[in-house]
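Colleague: One structure follows; several queries about it will come next.
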Amino acid sequence: ALAGAIIAGASLTFQILDKVLAELGQVSRKIAIGIDNESGGSWTAMNAYFRSGTTDVILPEFVPNQKALLYSGRKNRGPDTTGAVGALAYYMSNGNTLGVMFSVPFDYNLYSNWWDVKVYSGKRRADQAMYEDLYYSNPYRGDNGWHQKNLGYGLKMKGIMTSAGEAIMEIRISR
């Protein structure tokens, strides 16, 4: 299984994330997440929080510099009208927390794919408050386009999320 693995940062590609999606099987709402750590420091997993949906894998515990983590989420099994929506948190060796939000909704008549990244001061776990902070603070639409921003603390982000119900999200955190 690829999801839950750590790979060389340079090998994080859409093809790898397509394989992570395929591992999830026939699920109508799912996401493959790849986050490349080019920050110069190491990261330790805090937790993943799901507002809706779930995962079948454990968040990779330790992400050294120049390595990338692979993770996935999916809607609940069965005739459930949920998407794969949540946030994850990594404590960084610089003493701050990397928060990442993803939203692959069930109903595309009302919602779109959204994502965002933020660095929080100190140590913080992913929860409903982190999810809401990221979701309601000018997030990026999953529009098949690359986006970038300065995260503060000497870090920047470049990322992309696809618009499909079987979404791919790739993020690179660098100095």
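Glycine residues also receive a Cβ, built from the backbone N, Cα and C atoms like all the rest.
Here the structure is a predicted model, which means the values were calculated and not measured.
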Colleague: Swiss-Prot tags one of 87-102, 103-118 as region 'Trp-rich region, which is important for the binding to lipid membrane' - which one?
Modeller: 103-118
Colleague: Kindly point out which candidate in SER52, SER72, SER121, SER163 is recorded by Swiss-Prot as part of the phosphocholine site with VAL85, SER103, PRO105, TYR131, TYR135, TYR136.
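Modeller: Swiss-Prot names SER52 for this phosphocholine site.
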Colleague: Among the binding-site residues SER52, VAL85, PRO105, TYR131, TYR135, report those whose Cα falls within 10 Å of that of TYR111 (site 'Important in the initial contact with the lipid membrane'); none is a fine answer.
Modeller: PRO105
Colleague: Sort TYR135 (phosphocholine binding site) into helix, strand or coil using the DSSP assignment.
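Modeller: TYR135 (phosphocholine binding site) sits in a helix per DSSP.
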Colleague: Where else in the chain does the region 'Plays an important role in the hemolytic activity' (1-10) make close Cβ contacts, counting only residues six or more beyond its ends and a cut-off under 8 Å?
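Modeller: For the region 'Plays an important role in the hemolytic activity' (1-10), the sequence-distant neighbours (Cβ-Cβ under 8 Å, at least 6 residues beyond its ends) are 16, 19-20, 23-24, 32, 36-38, 55-60, 62-64, 66-72, 172.
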